[in-house]
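Listed features, source TrEMBL:
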BINDING   12-17, 59-62, 97-106, ASP132  FMN binding site
BINDING   ARG348, ARG380, ALA381, PHE382, SER383, GLY414, LEU415, CYS416, SER417, TRP594  FAD binding site
BINDING   THR458, SER513, ARG514, LYS519, VAL520, TYR521, VAL522, GLN523, ASP556  NADP(+) binding site
DOMAIN    6-150  domain 'Flavodoxin-like'
DOMAIN    204-445  domain 'FAD-binding FR-type'
Amino acid sequence: MSSPRLLVLFGSQTGTAEDVAERLGREARRRRLGCRVLALDSYPVVNLIKEPLVIFVCATTGQGDPPDNMKNFWRFIFRKNLPPTALCQVDFAVLGLGDSSYTKFNFVAKKLHRRLLQLGGCALLPPCLGDDQHELGPDAAIDPWLHDLWGKMLELYPVPPGLSVIPPGVLLPSKFTLQFLQGLPRTEEQPEPMADPQGAPSELQPFLAPMVSNQRVTGALHFQDVRLIEFDITGSGISFAAGDVVLIQPENSASHVQRFCQVLGLDPDQYFTLQPREPDTSRPARLPVPCSVRHLVSQYLDIASVPRRSFFELLAGLSPAALEREKLLELSSARGQEELSDYCTRPRRTILEVLCDFPHTAGAVSPDYLLDLIPPIRPRAFSIASSLLALPGRLQILVAVVQYRTRLKEPRRGLCSSWLASLDPGQGPVRVPLWVRPGSLAFPETPGTPVVMVGPGTGVAPFRAAIQERVAQGQTGNVLFFGCRHRDQDFYWEAEWRELERRGCLTLVTAFSREQEQKVYVQHQLKVLGPLVWRLLDSHGAHFYLAGNAKAMPADVTEALTSIFREQGGLSGPDATSYLTRLQRTQRFQMETWA
């Protein structure tokens, strides 16, 4: 009897879950199991009842939310009308990726595991709960779990007679072959993202939006460069409301592209076509046909990202240099994870920098393996900071340019924010590929409903859109708690807020943390205005919103709220917690946070 085909389905926001899913696919092929690896929303979920063997790899994002590329699957699998025997033919396992510093650690994996059992599925193992907070990262949980999983799988589906498990040192075939073209005229590659697409722009068909302005809005003495960037979206078909986000597809710098091509011995001006080795492997839709090496490296391969363990494993297999290969194998091994963390993860060393550190290996990398070795550049999401009701045909974002130092000589820079900051529409036309999707914040449609918004730093961006929208609709009852370091350095939109205050459209409460000996944050100002906050929530049905850095601020603000419920509402500790839970359940308390 032939072994069943394994299906690996992933929900990934940052690429980690996808990387783990691809690792599962490689390890399955080594065990002679046919395997498909797909994003959950790319898979026709109605076919799940016919699958004998499925592994789900799911990240948890935000406050216990599923990643964007599994939201349709999530809605389907929790339909109340699905019969309890729907998945009785399915053996499954769930591998979760999360961060134990969040309250809802691995919430998606835990909930999915329970739901699959409810639908009659048979769990091969308890769910794996990978934790970013572990000193060795998620692999500390994943490695032993996979050891148990493959043991179970080989019991159920032994390697066919006459074959054996392919050992780790043996290189698996690449997913694609690159067939280089000779003598192709240097014409513009097709297809490119259309400047005027039919229908709403999307990841596969972004709108090339003209950049209108790119203005630094922090003072010269401020530690961070923050930009207010405006795009012209006239004729794009893009529509959005307060709380929505824009996704931007960045590209690598020209100097990094040149260095990468030098290290790997590639001609950036050579064209190629991609040929999949397997019939069920599809070509990346974002790459034109034919494609130049320059386009592949500048707009698709994420050479500025920090490589994962799988990168070192594959690079070792491609290395002809004994000393370099030995080091790469060590960094990809389970016992080498502390050294890998010290070499790569902690100092945020990039793929390009690693390749430069292993020059004999880099120079021998076959172009066929580029797409196996290096992940694609992922779009970056930004809260939209403007309303079409106030600024028709325009879209604004507030971008903190990411730059910091580690022990490495070169400063670390965020790919997208640095790329955006480098663009100057004053020097000539600039177009940026973008599209819009719904965000996690939804504002009340009922007229007269007050809103209390807490947005320190760049977290104020979605609330600027909400306030513009509500003011244009004649809505009052807008209360904004804004925090920053210094009023003369990073007080975004001060003049706009003051004018709205003067007109009676906004109640503004500020917290300037560095302007007095004792630091003052938004949670302190919330407590000061506790009576107002309680009255708006309890007597006027207000909605409460929070946006900003996920590290400590959400927990501090939540603690301040429960304190207000106790002190102003006279609630006991448990009742205050229940009150907050009720606000969350009814969508009257919403959060949008980021790491």
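The backbone N, Cα and C atoms fix where each Cβ goes, and this holds for glycine too.
Annotations in TrEMBL come from automatic prediction, not curation.
What TrEMBL annotates, mapped onto the structure for a quick look.
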residue: ALA59; record: FMN binding site; CB count, 10 Å: 30
residue: GLY62; record: FMN binding site; CB count, 10 Å: 17
residue: PHE105; record: FMN binding site; CB count, 10 Å: 18
residue: ARG348; record: FAD binding site; CB count, 10 Å: 16
residue: ALA381; record: FAD binding site; CB count, 10 Å: 17
residue: SER383; record: FAD binding site; CB count, 10 Å: 26
residue: LEU415; record: FAD binding site; CB count, 10 Å: 21
residue: SER417; record: FAD binding site; CB count, 10 Å: 21
residue: THR458; record: NADP(+) binding site; CB count, 10 Å: 24
residue: VAL520; record: NADP(+) binding site; CB count, 10 Å: 16
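Cα separation, VAL520 (NADP(+) binding site) to ASP99 (FMN binding site), rounded: 28 Å. The two recorded residues, ARG348 (FAD binding site) and THR458 (NADP(+) binding site), show a Cα separation of 24 Å.
Among the listed binding-site residues, namely ASP99, VAL522, ASP556, the Cβ with the most fellow Cβ atoms inside 10 Å is that of VAL522.
Calculated from their C-alpha atoms, the gap between SER383 (FAD binding site) and ASP99 (FMN binding site) amounts to 23 Å. As a whole-number mean, the pLDDT of the domain 'FAD-binding FR-type' (204-445) in this prediction is 95.
Proximity of ARG514 (NADP(+) binding site) to non-local residues of its own chain (separation of 6 or more, Cβ distance below 8 Å) is seen for ARG485, HIS486, given in sequence order. Between the listed binding-site residues, namely SER12, GLY15, TYR102, the fewest other CB atoms within 10 angstroms of a CB are found at GLY15. Break the domain 'Flavodoxin-like' (6-150) down by DSSP state and the numbers are 58 helix, 34 strand, 53 coil.
SER12 (FMN binding site) sits 32 Å from VAL522 (NADP(+) binding site), taking the C-alpha atoms as the reference points.
Binding-site extent for FAD: residues ARG348, ARG380, ALA381, PHE382, SER383, GLY414, LEU415, CYS416, SER417, TRP594, maximum pairwise Cα distance 26 Å (rounded to the nearest whole number).
ASP556 (NADP(+) binding site) and ASP99 (FMN binding site) are 18 Å apart (CA-CA, integer value).
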